[in-house]
Amino acid sequence: MSRAWGHLHPALFLAAVSARGATTGVGARRRLSARLAPQEPGMDYQDAVRTLNTLQTNAGYLEQAKRQRGDPQTQLEAMVLYLARSGLQVEDLDKLNIIHVTGTKGKGSTCAFTERILRSYGLKTGFFSSPHLVQVRERIRINGQPISPELFTKYFWRVYHRLEETKDGSCVSMPAYFRFLTLMAFHVFLQEKVDLAVVEVGIGGAYDCTNIIRKPVVCGVSSLGIDHTSLLGDTVEKIAWQKGGIFKRSIPAYTVLQPDGPLAVLRERAQQISCPLYLCPPLEALEEGGPPLTLGLEGEHQRSNAALALQLAHCWLQRQDHPGIGELKTSRLSLLQQLPLAPVFQPTSHMRHGLQDTEWLGRTQVLRRGPLTWYLDGAHTTSSVQACVRWFRQALQRRERLSSGPEVCVLLFNATGDRDRVALLKLLQPCQFDYAVFCPNLTEVSPTDNADQQNFTVTLDQMLLRCLEHQQHWNNLAEEQASPDLWRPPSSEPSGPTSLLLAPRPPHGHSTNSRIFSCISHALQWISQGRDPVFQPPSPPRGHLTQPVAGSGSSVLQEAAAIHVLVTGSLHLVGGVLKLLEPSLSQ
């Protein structure tokens, strides 16, 4: 089966990129750690981020740690010791008035809605989330904005030096990357005196390092599904047990409608811990008797996240005796789910404005630029990709056709970790893409000065081999789709968009329209063909190989009246695309 490689043979492709990518590997990590002297004053933001990146677990060690995983409870206790060594006690975190949120799908969007609602009341908000899209300081926000490079640098070295000073022979001097950022966020929020902190769980809940929080004001669980199976378990019930680990005695918690199995697990966990758990009514129940709620985030699935956010914000305001929490309508028991139904109330004007003004980059985000429309969604689980496909197809249906010329659909995809890539790609097949493009989560092949994009948890060879597998899976799925009974009438799905297919499907046994590129920049060059008014491909350094953008499919893209590009499968991929499409985000 033939493949398009940007005019590079597969073996040469891997060799050339690996040679140039050696600086992103473990050796570079060690050289960087040795070269930097964290004690020296006057280091800037990039120096802080480079030093932070030395705390990333390298790929080889990560695999070994998965095989020899220690007691997770012991790891959580270690986090408490790190907190103490950094100069804080768990009791200090009680002052932060925390809203703690977990879930598989939508927990970040729920946090974004919640933070924006409470900010609309004039409260000073803190917000800790992961991962970052363009710059690491996005993970720690005050009043919705990433902390400044100066503030990030100040607190990074303060925590880093404190941990260095308190090390002894019985402990590791530095926590891993995510743990360090969690500690740093607590320091920032306390020192900057926020009124509340919205804290998103990293992975799971029970043993996540954020779970050293003892007394949150309220907890939330967004939609559950399968993800991080090597860490959390291979069933939704096992994952629900992990997520319910953030419940605390006598602290109210809220969840959205879940399948019966995981909901039962959440209910049992809450009963064991003596945590009052409530089921959020649908958003329609809160809209009765008033105008419809407008959400700042697109997609039908965001209504579930908004419903949870309203309950979390309402509960926080109520427990803090804050005026203006909305008029209570009803409160009744949900007999079907055997969980109390959360209160149905009239959303206040602050709540309405908060929902409408919510922004959350890389989640159901649309950038319209000339003939190109970029649809960005970091969906990376089966349930979130299903929601992404629904959103994308509905967006295509609603699109405004500016001309009668041909339109092209392009998929830009990558997936990482232990996710079921075949299942994710299969869910994307019905979108009828003209081209599928695969690339690693690297903005550039050649080294850059942007430390925010460094990733030592996976080697470059592993990334490229993963792209090869993605293309092979995609082509196999396309051939399976093309091979059923030729006499079967075409599917007429009333809710689906009309096909945007411009190039005819190849006959069975021939290559599908898929491409692999060595980095995001090369992929965007080929997709945009110079037609995006903002994206300008960077000039390659002297002596470096370039991947030409001309070739099969270029004329199709150049002549199309409109190009619709869905970027999905990984938030890191979406972040790299945003970095190139919106240069201001890097400043």
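Cβ from N, Cα, C; glycine included.
According to TrEMBL, the protein has these features:
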type: BINDING; residues: Ser130, Glu200; note: Mg(2+) 1 binding site
type: BINDING; residues: His228; note: Mg(2+) 2 binding site
type: BINDING; residues: Arg363, Asp377; note: ATP binding site
type: REGION; residues: 482-509; note: region 'Disordered'
type: SIGNAL; residues: 1-21; note: signal peptide
Just going by other Cβ atoms within 10 Å, which of the binding-site residues Ser130, Glu200, Arg363, Asp377 has the emptiest spot? Ser130
Do me a favour and check the Cα-Cα span between Asp377 (ATP binding site) and Glu200 (Mg(2+) 1 binding site); whole Å is fine. 18
Spatial separation of Arg363 (ATP binding site) from Ser130 (Mg(2+) 1 binding site) - C-alpha basis, Å: 13
Rounded to the nearest Å, what's the C-alpha distance separating Glu200 (Mg(2+) 1 binding site) and Arg363 (ATP binding site)? Just drop the number here, would you? 16
